Amino acid sequence: MVDVTKWPIFSLMAPEELPSIRKACVFGSSANEAIYITNDDEVFVFGLNCSNCLGTGDSQSTIVPKKLDFLSGRKVVSLSYGSGPHILLATDDGELFAWGHNGYSQLGNGTTNQGVAPVVVSANLISKRITEVACGSHHSMALTNLGEVYAWGYNNCGQVGSGSTANQPTPRRVSSCLQNKLAISIVCGQTSSLALVDNGEVYGWGYNGNGQLGLGNNGNQMSPCRLVGLQGVCVQQIVSGYAHSLALTDEGLLYAWGANTYGQLGTGNKSNQLSPLQILTEKERVVEVAACHSTHTSAAKTQSGHVYMWGQCRGQSIVLPHLTHFSCTDNVFACFATPSVMWRPLSVEHDDFLTVAQALKKEFDNPETADLKFCVDGKYIYVHKAVLKIRCEHFRSMFQSHWNEDMKEVIEIDQFSYAVYRAFLQFLYTDNVELSPEDAIGLLDLATSYCEDRLKRLCQHIIKRGITVENAFSLLSAAVRYDAVDLEEFCFKFCMNHLTEVTQTTAFWQIDGNLLKDFICRASRCGAFKN
């Protein structure tokens with residue numbers, strides 16, 4: 001499952017809110033806006049709100065997700081964003097909604113007024129069922145269930161496919177050589193458009209200065225033209241970057257063409273390519289390819305699950321496909337694209353599958369599956385011998401040697417409190433510790449006794465975060481007692497910084513006489529008692 005928090009903007013959300021997300025998209029010139037759909041088909045937005053792209057009805061930014069009530073209960077099937085940004089959203093009943101930047105009529109409502117909230121795009125689309133949408137920088141496209149392609153908005157390079165360069169204020173069907181074709185997919189570059197038809201042919205139109213239409217030349221096209229360079233292959237997926245394009249065939253072959261300033265074609269150089277060129281020829285079958293009109297990054301996934309990236313990656317130009325450790329192409333854009341937008345709306349599938357770590361966490365203190373229990377302060381803690389042996393040398397020795405405890409079903413613990421011992425056992429299952437600084441002193445004692453160095457460091461961290469004037473000297477005493485040198489130094493410095501207040505606390509005067517003498521001597525050496 002892809003983790004949406006790989007995109008920094010989603011780290012604003014509380015962990016308990018994330019499981020409600022079914023689909024999400026991060027967009028914007030700096031990846032500072034996001035939209036997500038919940039399992040209940042509620043639509044939420046948050047972020048910077050450039051050009052009213054959040055659709056909240058105002059121009060205010062928000063770090064708290066806001067619900068778009070107008071879209072509540074509508075099942076989203078396709079979503080795309082432009083550079084303004086403007087947003088297109090299609091629902092499963094075939095309706096099309098648009099909002100955001102509208103300086104070039106890319107919202108399709110016949111005006112150039114900003115779209116502050118989602119509005120149905122109906123002009124020339126009455127009775128049409130929209131199944132897919134795509135946005136370029138400032139132009140829009142929609143695909144119907146009958147394979148018809150509609151386009152509108154900015155048309156300075158012919159990207160609307162109307163045969164002219166006049167802006168198109170409302171949806172217009174792209175005809176010409178697509179008239180009798182059944183389109184199955186549409187994508188946009190910044191100022192170019194591509195359509196894939198059911199027989200595997202690809203058609204392109206719009207800006208072609210870098211060869212992104214793959215026609216063998218760099219002349220703009222006002223109407224769709226077939227990419228003859230792909231003749232003889234059956235394309236099943238197309239994507240477009242800022243000014244480059246990629247096509248994947250049904251045989252798993254990958255072709256690239258267009259701009260190559262950052263090595264986004266993966267050809268090993270930075271020369272533009274006017275016609276489709278096969279890449280990744282030495283690799284195994286490719287099953288997915290990824291690009292996005294707002295980046296110069298490319299990615300591909302192979303049959304065995306290997307993910308490659310190339311192009312502009314965190315400012316570097318990667319001219320050949322580079323093998324990553326990622327499991328999906330989406331993560332390439334989260335971690336390496338500039339901006340770190342999503343190349344497609346991300347479907348987040350939540351199922352009942354648990355990772356090993358999640359399963360262990362769930363089974364801690366579960367009497368139904370446990371084969372051992374500890375009795376502390378008259379209360380039981382249920383555990384599994386195998387887990388304890390794997391995670392802790394102390395228990396490995398206990399259960400593999402001739403200790404009396406090896407044969408027992410209940411082990412009595414009297415040297416530590418219930419809270420401390422339970423926290424220790426829970427740490428073995430989760431790697432986390434949740435205790436107050438005072439209880440963490442007891443756990444520090446246990447960690448020292450059981451030679452658990454990592455747990456010892458965690459306890460010291462908890463104690464440092466919870467130090468106060470009232471407990472500072474008690475914590476210093478514990479640090480000395482358990483030979484926690486770093487913690488001792490930290491507590492001593494805190495006491496020195498608040499010397500007057502600390503020496504007036506009860507803990508200071510109840511401390512062991514020798515420790516008190518050592519503290520006074522050390523404080524004196526640090527100049528605490530100079531006139």
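Every residue gets a Cβ built from N, Cα and C, even glycine.
Under the heading repeat 'RCC1', TrEMBL lists 41-92, 94-146, 147-199, 200-251, 252-303. Annotation source TrEMBL lists domain 'BTB' at 370-437.
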Can you count helix, strand and coil residues in the repeat 'RCC1' (200-251) using DSSP?
3 helix, 23 strand, 26 coil
The repeat 'RCC1' (147-199): DSSP-derived helix, strand, coil residue counts:
3 helix, 23 strand, 27 coil
Let me know the model's mean pLDDT on the repeat 'RCC1' (147-199).
97
